[in-house]
Structure formats: structure tokens, C-alpha cells
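Enquirer: One structure, as C-alpha cells, below. Some questions next.
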Amino acid sequence: MANIKAGKERTKIFGRGSHECLLCGRKQGLVRRYNIFFCRQCFREWAPKMGFKKLN
């Protein structure tokens, strides 16, 4: 019983789990370039609306 932490858990301030998607909250597959912080699924949906174009 001595191993139980008292108080709230520490939040992650760096690394892969520290950021999340601004739209859905997912932490995996983030597009962090240009400070977008969208997951790849949300980025595919919103990229044309933001002005990104798919090249061949």
C-alpha cells in the first residue's frame, strides 16, 4: 500500500503524448508542422479548406 500516489497525476509536458488534435483530441498521428496540431485523419478532411493542394 505504500506505492499508492497521493494527489493528482503529473501531466506530460514533452514528447509524443504531450500534444493532441485540436478537433478530436487524438494523440497519435499528429501533423505538427506549421503548428497545425491536427491528427492525420482530421488533416485529410480539413486540408483543402485550409488551402493545401494534393500534388501528383
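Yeah, the Cβs are placed from backbone N, Cα and C, and that goes for glycine too.
In case it helps, Swiss-Prot gives these features for our protein:
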- CYS21, CYS24, CYS39, CYS42: Zn(2+) binding site (BINDING)
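Please go over these features one by one and say how buried each is and what sits next to it.
Expert: Applying an 8 A CB threshold to same-chain residues 6+ apart, the list for CYS21 (Zn(2+) binding site) reads LYS27, LEU30, PHE37, PHE38, CYS39, CYS42.
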Enquirer: If you take the centroid of the Cβ atoms of CYS21, CYS24, CYS39, CYS42, the listed Zn(2+) site, which other residues of that chain have their Cβ within 8 Å of it?
Expert: GLU20, LEU22, LEU23, GLY25, ARG26, LEU30, PHE38, ARG40, GLN41, PHE43
Enquirer: Which one is it: of the binding-site residues CYS24, CYS42, which Cβ has the fewest other Cβ atoms within 10 Å in this structure?
Expert: CYS24
Enquirer: Under DSSP, is CYS42 (Zn(2+) binding site) helix, strand or coil?
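Expert: Looking at the DSSP assignment, CYS42 (Zn(2+) binding site) belongs to a helix.
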